[in-house]
Amino acid sequence: MGTTASQLGKDMLSEYQHCVLIHDICFSAHKRFAELLTREEKDLPNIRVSMERILTLPELKSNPFRKRICHVFSTSEQKDGSLTFEDFLDLLSAFSDSATLEIKSHYAFRIFDFDDDGTLDCGDLEKLVNCLTGETDDTRLTTEEMRQLINNVSSLRQSDIDKDGTVNLSEFQHVISRSPDFVR
Amino acid sequence: MEELDTVNLVRVMSDDSIHSSLSSDSCEYYQTEIFDQLPSVQACRLEQNRQSLLEASEANQDGPEPRENISHGHLSRGPKDKASTRPLRNLVMCIQGKRNARDRRKMQISNIGFWDSWRRSQSIYMKRVMAQMGGALKGLLPWQQTLRTINGRFGVGVKAYFVFLRYLVFLNLLHCALISGFILGPTAFYGSSAHLKFGANDSVLDFFLGTGYLDRSPVFFGFYTRGSLNLPCLNTPLLYLAGIFTILFLSLIMVVRRTVVGYKHTWILGKQYSVNVSYKIFCGWDFSIQDRASATLKRSFIRNDLKLFLEEQSFSLREAQRTLPQKVRLYLLRFIFNLIVLSLLGGAFYLIYFATKTSQNMSASEHHWMVSLVLQYLPPITITFVNLFLPHMFRKISSFEDYSFTTQVNATLLRSIFLKLASLGIYLFFVFDQTKNQPCRENIFGREMYKLSNFNFLATLCNAFLFSYPRKLLQEKYPSSLLAHLSGKQHFLIPFNVLDLVYSQTVSWVGVYYCPLLPLIGTVTLMATFYIKKFTVLRCCVAEQRMLRGSSSSVLFHFMLLLGLIMAAVTLGVNFWIPNTNTFSCGPFGNGGSLFNVTGECVARLPSSAQTTLRYLSSEAFALPLILTEVIILTSYVSRGRANQKAIERLKDMLVLSSSDKRFLVKQHATMLRRQKNTGRVRGAAIKEDNPRNNSTVPPSTRTN
């Protein structure tokens, strides 16, 4: 557990490799993470980086789901979306090319599950679509369009196999596993 | 006793929920305690309440014997038991969870024998090595970074174009290797290279025309005469044929494979209308997007895409509600437009015919070199211009026809590909017809192909640097001028660009027999095209509002490529079947030899058993068993497909059942808990009575299975 953030021990590195990713990504990940820290913080073990600072990463800056991403990968008890280095590695490995479909779809589901209730209901879908199209009034779909769309996605159609009006993880994975574009 | 029942319930549920990990619905279920004990939820929420889980597992471990078993299974069910040799990094857990899993695994490993543990570690090691090798090989693929940039700024569709381009480069490289192995190598060792000199009356112009010096060089068919390598079954003509056939055959396999793989996806995509829109939402965001501008762009793209989908849906609704007179008017309109398209095509073909004739007749007479160059290049120029302008006209025409957007794109594509291939075919036919009695017909034919592919590349080059770039510069320098306003923003039209690629590849395939160095030329020009197109895209174009989806479009690309390949094969077949009447033949089949002579000669030298086998293989007697075998294989595949379809349906049913089971159980548990709370410990006995009934009603899924 106890890594100081300034250097990455060899044993930790090999452990991370087993668990997460290939060698060179660990190093670059650690470098990226260290850049987010101030000088004093670098020597503390298990330091948490607040969500605001994580969001300054260029990769996340323009992502509409950036806050959700931080919340999903955060292990913080206060649910403030702050990340430790290990959470950060988790995040990177889930988004890396080598991640499996299962991992990707799992985290995608959790990112899209805005109210954390383990299912994508109408509210989640609406938020999701709003995130995708843009949140301002002129970019948003009209209420009528939204209704038609959500009807298409959730109710009594293919993606909702058990016909309960919401999309759960296995249904989600079922839909996504057929998408050739999802795992690129 | 009461506790034991609860645990039983948990186990039943954990068995079910392996298949449908997380499927309870309305919020009331999540407030019950049992929900947190579901293995799927534990796998999912491990990171959030790591502490509580640890406590739970400790609590489970010091329970009584039978319970420990259960709780162990219950705890480690989830992803871990599916395959304990699965790499840790593929588990859906946070690092702490993976650490725990690894410790558990280590404990397990210490229990198993030496041999097993050695084998397991070996397999893990091998997997790791393979993964690293795969990663290294992936890193070797060229242009990865460029592709990523393009993907980020222009979306999957444009990236699909570049991936397709790269694929063609690889294909051509493979062709080059085959050509050098089968044709160039033997000729270099055994052939005569006497007349490979730059003569007095050769000029640089020859490199453009494919005459003079090039005519005698290894670029064309005529160079590959029968050398000193002259065994009955190992001679230049046979090697030449083998090389060409291998190229065509390998291309066929590769293209068919790509088409089929893509087709499977599109078939699934097209079949289920609403899954399609689920993708658009669930897989809509491209997480590799970095800069703000492209994020805005992507948003507007997704918005347009969704609106487009809704529009199409209401379009199909509207279409269903059309009245009869409206329908008649529409069909009349479409008929007229189709007539226009046909007449345009006819005009284009006549133009090509005219150009070919003029070029063939006039090139003999003396002209200024510039004029003769233009005359020589007249057919390629005509073809390229026709192919440049007509598709855009088709695009305009199809927008009037009141089709849905997708049909519009497809109709344009279909007409354009027909135009491209048919114009090429007609051109080939004219050239074939007119060179029938000329000496070394193959060389003339090869020359035409050489000119076509050269001009194609020149057109790409000119289009980029004389048209797109100045247009962009104009817009940048004088953004308010009328001209800039008129020309509008430039988009990268993927279908038309892909058509160009398909066309040039078709030319290369058609010409490879007559001009064996075409793949080499193709490789070089394609690589150059990559950089030119990259420049065009990144420097001159703005991203489209409506983009094609990567996967569905790539099927179309490969399908068109397949059409081109078929055309090449047909051309070659025609060439072989038309008897070679003239006496001035050249190349490998120099002195009256033909495909049939050469192979016949070889077959005659084979041992008698091989001869009879070959004769049997080529006779009608073999056709029947062949057809029968094919029928059997096809039948087995079809029935397997049907069985899979049934299995999928059954799995879906099971998913429904298990999730309803779980909801039922959760409801039961919740009522149980509530009753327990209400009545307290005094009425505990009543619950005990309830439980057996619960358990008997529990497994509806097992009953139906």
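Counting begins at 1 with the first residue displayed.
Cβ from N, Cα, C; glycine included.
TrEMBL lists B:693-705 with the feature compositional bias 'Polar residues'.
The domain 'TMC' annotation in TrEMBL covers B:440-551.
What TrEMBL records for B:57-84 (among others) is region 'Disordered'.
Annotation comment: TrEMBL describes B:677-705 (among others) as region 'Disordered'.
Within its own chain, the transmembrane segment (B:163-184) has Cβ neighbours under 8 Å at 141-143, 147, 218, 224, 239-240, 242-243, 246-247, 250-251, 254, 258, 498, 501, 505, 508, 512, 516-517, 519-520, 522-523, 526-527, 529-530, 533, 554, 557-558, counting only residues six or more beyond its boundaries. According to TrEMBL, the transmembrane segment annotation covers B:163-184 (among others).
Under the heading transmembrane segment, TrEMBL lists B:238-256 (among others).
Annotated transmembrane segment per TrEMBL: B:331-355 (among others), in sequence order.
What TrEMBL lists as transmembrane segment is B:367-390 (among others).
The annotation transmembrane segment is assigned in TrEMBL to B:411-432 (among others). Nonlocal intrachain contacts for the transmembrane segment (B:411-432), taken as residues 6+ away from its ends with a CB within less than 8 angstroms of a stretch CB, comprise 341, 345, 348-349, 352-353, 356-357, 379, 383, 386-387, 390-391, 394-395, 398, 401, 403, 444-445, 448, 452, 495-496, 499, 502-503, 506-507, 510, 556, 560, 563-564, 567, 571, 574-575.
Among the features that TrEMBL reports, transmembrane segment is placed at B:511-532 (among others).
Per TrEMBL, transmembrane segment is recorded for B:553-578 (among others). Counting same-chain residues at least six beyond the ends of the transmembrane segment (B:553-578), those with a Cβ under 8 angstroms from any Cβ of the stretch are 157, 160, 163-164, 244, 248, 251-252, 255-256, 258-259, 262-263, 265-266, 413, 417, 421, 424-425, 428, 432, 494-495, 498-499, 501-503, 505-506, 509-510, 512-513, 594-595.
Sequence annotations record features per position, and here TrEMBL assigns transmembrane segment to B:621-638 (among others).
If you look at the transmembrane segment (B:621-638), there are no same-chain residues 6 or more away from its ends with a CB under 8 A from one of its CBs. Tallying C-beta pairs under 8 angstroms between the transmembrane segment (B:238-256) and each of B:331-355, B:367-390, B:511-532 places B:511-532 first. Helix, strand and coil counts from DSSP across the domain 'TMC' (B:440-551) read 86 helix, 2 strand, 24 coil.
Within the chain, the transmembrane segment (B:367-390) has long-range Cβ neighbours (under 8 A, six or more residues past its boundaries) at 203, 205, 208-209, 344-345, 348, 351-352, 355-356, 358-359, 416, 419-420, 423-424, 427, 431, 448, 451-452, 454-456, 459, 499-500, 503.
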